[in-house]
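Asker: Got a structure for you, written out below as C-alpha cells; questions coming shortly.
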Amino acid sequence: MAKIVVTGGQALHGEVNISGAKNAVLPILCATLLADAPVEISNVPHLHDVITTVKLLSELGAEVTIDEGTLAKGRSILVDPRSVTHQVAPYELVKTMRASILVLGPLLARYGTAEVSLPGGCAIGSRPVDQHIKGLQALGADISVENGYIKATSHGRLKGGRYVFDMVSVTGTENVLMAAVLAEGTTVLENAAMEPEVTDLADCLIALGAQIEGAGTPRIVVQGVERLGGGHHAVLPDRIETGTFLVAAAMTGGSVTVRRARPETLDAVLDKLTEAGATITTTADSITLDMQGKRPRAVSLTTAPYPAFPTDMQAQFMALNCVADGVGVINETIFENRFMHVNELLRLGADIQVEGHTAIVRGAERLSGAPVMATDLRASASLILAGLVADGDTTIDRIYHLDRGYENIEEKLGALGATIQRTA
C-alpha cells in the first residue's frame, strides 16, 4: 500500500496553483442529472472522489467524457444525462463516498423515483441523512428506508414548499436545493447552509436555467422551472486546499503565494493565521503568506458553519499549534470523532490533551519523525504538515484518504521546497 514519506526541516517558498474545490465539484456533477442536454464542468480536480462520482453517473446511464486539458486550462468533464436509464445508486459505489447521497434529489426531481444506498465515506461521526429526507418530504416526496437504501418517489412533479433545516447541513441544503429547481411552484429553504460551495452549486444551476435567489444566505428561494438545459460552469477554487498550503507555509517559517484562489471565502482562516503572526497580502485571486524568521503563536478556535471557522481546517491548525509558542484550545462543534489524528500527532511528540469535544494543545519546541497512520481526509493532511517540521522522516500510511481530497499534494509541496515522496 502506498505511503508518503516526509523529511522535515525545510521552509516552504514559492507559488502554488489551487485546484477546483472537492466539496463543490461533487454536487455540481450530480446536478448535471437535472439537465436535458450536455453540461460541461471545468476546473475539475484530479481526485478519487471525482472518479467515484463519474463511475456513479455512468452507472446511472449518463455519458461522461473527461478532457484532461492542459496545465493552464485544467481538466473538464462533459456529462450528457439524456441517456440516463437507471435511478438506483448501488452500495458498491456509495459506500466509499458520502457525497453519493447527492444524486437523490436530482434523480427524484427529474425522474420521479430514486434509490440511493445509505452512504459511507470518512469515519468521522454519524452525519445523519435525516435533513435530506425531511427536506424532500416537504416537497411532496414519499420516502422510506428499506434494506439499507433510501427509496424516494414523487407523484408527478415535486411541489414547492417551505422547509426549515433542524441543523445547518451543507449536503442537505444542496440535495433539497437541486430537487426544488424542478419542483412546481416556489420553495423556501430556511436555516440553509451558507458555504461558498452551496453558492457555487446555485451559480451552476442558474447557468442551466434555474431561478434561485439567496444562495449564500440562510434563506434560499427557488422558483421551480419545467426543465434545465445544457451549459458550462467552472468550479470555484478549493478553500480548504488553499488553507492547508497557507498553514504549511506558516508552520515551516516560509513565504508562499497561492494562486487561483478566492480569498473572500477564507476570512476566518486568514484571521487565525494573522493571529498566529503571519503577514498576509491578498489580491482578487491570490494570497501571499510570509512567516520568515518567526515561530507561530498558538491560536484558539471553535469550528462552526460558514462563515465561521471550518471544521475541515481544524486538524491543520492543530498541527500548527503543536509547534507554536503557547497553548491553543480547539473546540470541535460540527463532527464527533474528529480528533482521531490526535493519537498520531502524539507519536510525533506533540503535547495534546483531549476533553470531550475540546483539545488543549501545548506547543513543543520540536517534533520527531515517526511512522503514523491517516484516519480520514483532513487528518492525513495534518500529519503531512507535522512531518514538514519534524526532525527526520515521518512515514504516513493509508494515504488513500489524502487522494480523496488533495490533488498531487506531494508534487505541489515538493515544488515549494519540501522533501516529500510517495512510495509504493
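A Cβ is built for glycine as well, from the same backbone N, Cα and C atoms used for every other residue.
Okay, so Swiss-Prot annotates it like this:
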BINDING   K22, N23  phosphoenolpyruvate binding site
BINDING   R98, R127, P128, V129, D130, Q131, D312, I334  UDP-N-acetyl-alpha-D-glucosamine binding site
MOD_RES   C122  2-(S-cysteinyl)pyruvic acid O-phosphothioketal
ACT_SITE  C122  active site, proton donor
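Describe the structural context of each listed feature in the structure shown, including burial, neighbouring residues and relevant distances.
Answerer: Taking Cβ-Cβ distances under 8 Å and a sequence separation of 6 or more, the neighbours of K22 (phosphoenolpyruvate binding site) in its chain are P45, L47, D49, V50, D238, I240, E241, R404, G405.
Take the CB of V129 (UDP-N-acetyl-alpha-D-glucosamine binding site) and look out to 10 A: across all protein chains shown you find 20 other CB atoms.
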Asker: In the three-state scheme derived from DSSP, which category covers P128 (UDP-N-acetyl-alpha-D-glucosamine binding site)?
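Answerer: P128 (UDP-N-acetyl-alpha-D-glucosamine binding site) sits in coil per DSSP, no helix or strand.
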Asker: Of all the binding-site residues given, namely P128, Q131, D312, which is spatially nearest to N23 (phosphoenolpyruvate binding site) at the Cα level?
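Answerer: Nearest by Cα distance to N23 (phosphoenolpyruvate binding site): D312.
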Asker: Please work out which residue of D130, D312 has the most C-beta neighbours within 10 angstroms of its C-beta, and give that one of the binding-site residues.
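Answerer: That would be D312, with the most Cβ atoms nearby.
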